[in-house]
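S.K.: Can you read through this structure? Questions will come right after.
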């Protein structure tokens, strides 16, 4: 039984450890680009992929979306054909598992080949639209070989549900998730851990929905190991000790954040850090030690009390307290709580710019609406003023005959005295 617990602890710690280091990006020095010992400076090396950064708002939504997903699966199993639902889930998880296994295999073999001095030919794949490239990839024969092996392993798991193949897929999914998802701050990490503790408590004690769903399908969402591996009586089925994948990935994201914080501390003091991992890691060491301690307490209580309890109930406080204690001892607590990753700052800046643009557009819209309203009011007032004015009747224009006097009306002028001529008949 203790062998099973040790195996589960190993399968939980390894993806967290290697996933945390895989999440590190090259520390860039904007002024100098000198090579240092232990730094990889290969002109053909792959560029760092852009991770998916999770902020505090996203960490609040993750447990909620997880609960909605569980309820959706419950409805699907109740109202749809279970065979179709299982086929869709297995197909999706198999695809993700194959891709994750390929990524882990390539990340494992590539450094080994570089150490051995083996250089492989690289092929470039560029898919482009008229507006420009939208997908670009570089790969070698290692990528193709590992991809084929991953597909074969996934097909073997789907066909047999072998527990070893399931562990390989679960290990790969955990490592790839820790590498791809980045928390932007310790605040986000603490919210994430606290949210999933409440998530586990509710679905473990407040509802039997999770148990009913897990009975309907078998997916590599946990690492397993036989409780009794040797000396099992013939014909007796194996009984497994299990650890859910969420108990690895959720604390693993927090542990990886601690390692990136250690890199940030070292990079601000040594701008030439590059890809070197030769820096002090007090927060990473403390957090992963706390995780191991919490996992040991969980296994001990599970073994002695024989009662299933959420592992995050022990893992989350252990990880958070280890960081708080390390920051307090090193007198860096304000620095810890004010830390925001470069990706987080970029996202926050983009959000502020979008909010500012929205405010400006809203102000312009309000100003235009106010101008239209003033114009309508002025037009209405002018119309009302015209309506109140009296209407004046205009007299008809005099005719030309009336305006000029007649001959009879004209005065007759006569001459008097010698000027008057008499007519004698």
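Every residue gets a Cβ built from N, Cα and C, even glycine.
Copying in the features that TrEMBL gives for the protein in this structure:
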TRANSMEM  6-24  transmembrane segment
REGION    35-54  region 'Disordered'
TRANSMEM  60-80  transmembrane segment
TRANSMEM  92-116  transmembrane segment
TRANSMEM  137-157  transmembrane segment
TRANSMEM  163-181  transmembrane segment
TRANSMEM  237-261  transmembrane segment
TRANSMEM  282-301  transmembrane segment
TRANSMEM  307-325  transmembrane segment
REGION    380-425  region 'Disordered'
COMPBIAS  396-406  compositional bias 'Low complexity'
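I'd like to know what surrounds each of these features in this structure.
M.R.: Sequence-distant contacts of the transmembrane segment (92-116) (same chain, six or more residues past either end, CB-CB distance under 8 Å): 22, 40, 42, 142-143, 146-147, 149-151, 153-155, 157-158, 168-169, 171-173, 175-177, 179, 219-221.
Panel annotation: around the transmembrane segment (137-157), residues 46, 94, 97-99, 101-102, 105-106, 109-110, 113, 120-125, 165-166, 168-169, 220 of the same chain, lying at least six beyond its termini, place a Cβ under 8 Å from a Cβ of the stretch.
Long-range neighbours of the transmembrane segment (163-181) within the same chain, counting only residues 6 or more positions beyond its ends whose Cβ lies under 8 Å from a Cβ of the stretch, are 11, 14-16, 18-20, 22-23, 49, 51-52, 54, 93, 96-97, 99-101, 103-104, 153-154, 156-157, 220-226, 238, 240, 245, 248-249, 252-253, 255-256.
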S.K.: How about long-range neighbours of the transmembrane segment (282-301): same chain, 6 or more residues beyond its ends, C-beta under 8 Å?
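M.R.: Distant Cβ neighbours of the transmembrane segment (282-301) are 5, 8-9, 12-13, 16-17, 20, 251, 254-255, 258-259, 261-262, 307, 309, 311, 313-319, 321-323, 325-327, 330, 336.
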S.K.: Using a Cβ-Cβ cut-off of under 8 Å, list the residues of the same chain that are 6+ residues beyond the ends of the transmembrane segment (237-261) and lie near it.
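M.R.: Same-chain contacts beyond the flanks: 1, 4-5, 8, 11-12, 15-16, 19-21, 23-24, 54, 163, 170, 173-174, 177-179, 181-183, 185-186, 189, 192-193, 196, 200, 220-228, 281, 283-284, 286-288, 291, 311-312, 315-316, 319-320, 323, 336, 339, 341.
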